[in-house]
Each structure stands twice: as C-alpha cells, then as structure tokens.
Amino acid sequence: MRTFLFLFVVLFFLTPAKNAFFDDKCDKLRGTCKNSCEKNEELTSFCQKSLKCCRTIQTCGNTTD
C-alpha cells in the first residue's frame, strides 16, 4: 500500500512533458510559432493562441568583395 501511495504522489506531481516539435512548428514545418518575429524573419501566417508563424528569411548568397 505504501508503494502505491508513493507512486501516486510522485506521478501526480510530475509535470507533463512538452513536445516542442509538434507544438511550435507551422508553415509545413518550416516556421515557428512566436509572440513576435525577429529582424531576419517574416510573418507567414498565424498560429493558435494568437501567435505568429515566423519563417527565417534566407539570403541569396551573392556577395561582392
């Protein structure tokens, strides 16, 4: 009985694990859901809970020296 009570208390107070891969991805897994986008990101759509789907802007790679 003590074992059951101990396991119940331990499992009851554990916080559930958050799977960030499925919760925070948007735009066909190319963007992330955030409160606001960074300078190098563009707003592509909206996520749940009034979050914004931000996708990183890739540079063209052309540099002049």
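Count begins at 1; order follows the chain as displayed.
Each residue, glycine too, has its Cβ placed from N, Cα and C.
The Cβ of Cys26 (disulfide bond) has Thr32, Cys33, Thr44, Ser45, Cys47, Cys53 as same-chain neighbours under 8 Å, each 6 or more residues away in sequence. DSSP gives Cys26 (disulfide bond) a strand state. Per Swiss-Prot, the feature disulfide bond maps to Cys26-Cys53 (among others).
The disulfide bond annotation in Swiss-Prot covers Cys33-Cys47 (among others).
In the three-state DSSP scheme, Cys54 (disulfide bond) falls into the strand class. Annotation for Cys54 (disulfide bond): spatial neighbours Gly31, Thr32, Cys33, Lys34, Cys37, Glu38, Glu41, Glu42, Leu43, Thr44, criterion Cβ-Cβ under 8 Å with sequence separation of six or more. Taken from Swiss-Prot, the feature disulfide bond applies to Cys37-Cys54 (among others), supported by similarity to another entry.
Among the features that Swiss-Prot reports, signal peptide is placed at 1-20, with the record citing similarity to another entry.
According to its DSSP assignment, Cys37 (disulfide bond) is coil.
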